[in-house]
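Features of the protein shown, as given by TrEMBL:
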REGION    1-75  region 'Disordered'
COMPBIAS  32-41  compositional bias 'Gly residues'
COMPBIAS  42-52  compositional bias 'Basic and acidic residues'
COMPBIAS  60-73  compositional bias 'Gly residues'
TRANSMEM  274-295  transmembrane segment
DOMAIN    347-470  domain 'Heparan-alpha-glucosaminide N-acetyltransferase catalytic'
TRANSMEM  356-374  transmembrane segment
TRANSMEM  389-410  transmembrane segment
TRANSMEM  422-441  transmembrane segment
TRANSMEM  461-478  transmembrane segment
TRANSMEM  490-510  transmembrane segment
TRANSMEM  573-596  transmembrane segment
TRANSMEM  603-625  transmembrane segment
TRANSMEM  637-660  transmembrane segment
TRANSMEM  672-689  transmembrane segment
TRANSMEM  709-727  transmembrane segment
Amino acid sequence: MAEAAPTTAAQRKEAGEETAAAAGPGGDERGGLGGRGGGGCRGERTCAERAPRARAGAAAGAGAGAGAGAGGREGGRAAACRESRAAAAATADNDMGGGPWGARRALAAVLLAASVLSAALLARGELPGPDTQEQERQLQLQEQQPRDINKRKLPELKMDQALLIIHNEFLHGDVNVYWLSDHCYQCLYQFLVSVPVSPKPGHPSIAAVAVSSQHPVTLLLNDTLEKKEICRIHYVFGEFGNYSLWVKPHYGGINQMSCDMVVNENPVNSNLPIYIAFLIYIAILISSSVGNFFVKLDPVRNWLYKKMNPRETDRLINSELGSPTRAESYSSDLQVEAWRLTTPVHRLRSLDTFRGIALIIMIFVNYGGGKYWFFKHESWNGLTVADLVFPWFVFIMGSSIALSLSSMLRRGCSKWKLLGKILWRSLLLCVMGVLIVNPNYCLGPLSWDKLRIPGVLQRLGLTYLVVAVLELLFAKAVPENSAMDIISYWPQWIFILMLEAVWVCVTFLLPVPGCPTGYLGPGGIGDFGKYPNCTGGAAGYIDRLLLGEDHIYQHPSPNVIYHTKVAYDPEGLLGTINSIVMAFLGVQAGKILLFYKDQQKQILLRFLLWSAMLAIISGVLTKFSQNEGFIPVNKNLWSISYVTTLSFFAFLLLLFMYFLVDVARLWSGAPFFYPGMNSILVYVGHEVFENYFPFQWKMEDYQSHKEHLTQNLVATSLWVIIAYVLYRKRIFWKI
């Protein structure tokens, strides 16, 4: 028996080395040392010191690879130490004769098997400790949350919306979420969603809601139990994006909460269709320019001139709302011989081009503008693309009046006949607006009960009536090179200033029931909800009083953001005063073109001076701000600052177009020139046939900017083509 013990110890030493090798990388070396120590290289004290480290290594092996390897190595050391102690004990017992050797050998084998199994499990990470259990619980919770959300019925997203998923770990009450758009000036927060209290720590309650992606928004989260603010987040959501808002305790302080926004799915680039459409139209423009270059070649030009001689085109256009010319278009007042004796006049294509640009943009935004917010009218104060075009159309109408009436007076036409034509045309415009443009015959026959009385053509008719009569009363057949374009017409300026004084007095002094005097706000939730039924102040009150609430526009632009409750018409009665002022400024531009006919530098200089002066006036009225000025720029009110600002742009654009088209001849004005020559026909036509093919068709995805933009651009381009065909056929609709 004395010789058997060393052999057994050697075998157990070899088993200890195998156990250490199974413990992980590096275990072979350190485990071997431990085994050798058990054989007598190191004493029992060393193994006793390493045993606690082995237990700590097993507890710290939390499933991570590095941690598992470390725990395995310590487990190997523990196994070697236990084997060494067992061998020493067996030797001592045998020497002292204490107990049978077989029982101790069986116990050592059991301990050895447990050590091997523990080391193997720790190396594979299958024996998690307390930290591992917490980590796995968090991972399971994160994996479980998307499945829980998918089981919920998520809101269906529309254009300009994003999905917001709110995870609430607040344990002391429900959380109410409110929102406010940056585009809503001095507005109340609007309720968005209520998220229930978290059932227990680590298990957030969840709510999903659609949020607006048009403008930046502020989210306000309130505690319903203690009635206090939890957090406030300013964020810009992207269209069709998926976001998570995590509301959970902040570990850095007591009773503090943190709100973190996480992007689950990136939003789409909703502006990409605009970029593609822009590139397509640029390619068409380049191709057209190349074709125009070949047309200017002498052989091609001579052949085309013989085929298409537009000599009679100017004679067929006799409407101030059509295209202006220094030769009067009232052909019925003159004998045919008189026209034949008149020398051909140069046509101002820049005015037709400017009118055509305004008209085409107007058609595009009326058709929807691809459903982009910047192609819609501004909710209240401020400007978008859609707010530019109608005032420009009014401005060019005024320029046409000045040129046409002056030409007729020089020809000796009777003022009474001209007055009759002015009255008739104004009446036709108003009747067409009320009976043709305003009604939607797809919804049924014309009914007076809900018929809208104001409108675009009605405002044009009234504006044309006042400005044309004013010009007819005070205009004189003066030489075209006169420099008295303002001083000689001082009675007109006195009348316009008095008219503007009426607008100011009525707007700021008229008492409106239930509203502050001089109120210019949108009502609804604006001004912190103090005046919900005061939309437009005096302007809205006059329309509702004189026309009736059922006969004005029922869906004004502030309805969406400001949640207005009353009807309001942006083409109402009081705003017509400032549209008259706008047209009169256009008359002034026409007089500059008339009086300085052969002085192109003087024309350009005066356009520049007028634009600079109007820009200064606008800056003073608005304090160069959107909402903080004395009189903000507002299309719904047609405020005087809106008139001066748009007139500034009009003079500036007319300057560039006059130089490019009529002076330098760098641009023919195409394709805008053609709809500008037939403006009334194109405008009325696009309103009447708006809901018919090919201007509209059924879309596969109604919530797609791309499909809306395609449809609206195709419809607008078709009207340009129609205007071109009518121009080539010499068909012009006059009224």
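Even glycines carry a Cβ here, placed using N, Cα and C.
Under DSSP, the residues of the domain 'Heparan-alpha-glucosaminide N-acetyltransferase catalytic' (347-470) split into helix, strand and coil as follows: 91 helix, 1 strand, 32 coil.
Below 8 angstroms of C-beta separation, residues 324, 326, 348, 351, 391, 394-403, 406, 454, 459, 462-464, 466-467, 470-471, 478, 480-486, 489, 492, 496, 499-500, 502-503, 506-507, 538-539, 542-543, 546-547, 602-603, 606-607, 610, 614, 637-640, 642-643, 646-647, 650-651, 654, 658 of the same chain, each at least six residues beyond the ends of the transmembrane segment (573-596), sit close to that stretch.
Summed and averaged per residue, pLDDT over the domain 'Heparan-alpha-glucosaminide N-acetyltransferase catalytic' (347-470) gives 90. In this chain, the transmembrane segment (422-441) touches the transmembrane segment (672-689); three or more CB pairs sit within less than 8 A of each other, excluding pairs fewer than 6 residues apart. Packing against the transmembrane segment (709-727) from elsewhere in the chain are residues 273-274, 277, 313, 356, 360, 363-364, 367-372, 671-672, 674-675, 677-678, 681-682, 685-686, 690, 694-697, 699: each is 6 or more residues past its ends and has a CB under 8 Å from a CB in it. The list of residues near the transmembrane segment (490-510) in space but at least 6 beyond its ends in sequence, with Cβ under 8 angstroms from a Cβ of it, reads 470-471, 474, 517-518, 520, 537-539, 541-542, 574, 577-578, 580-581, 584, 637, 640.
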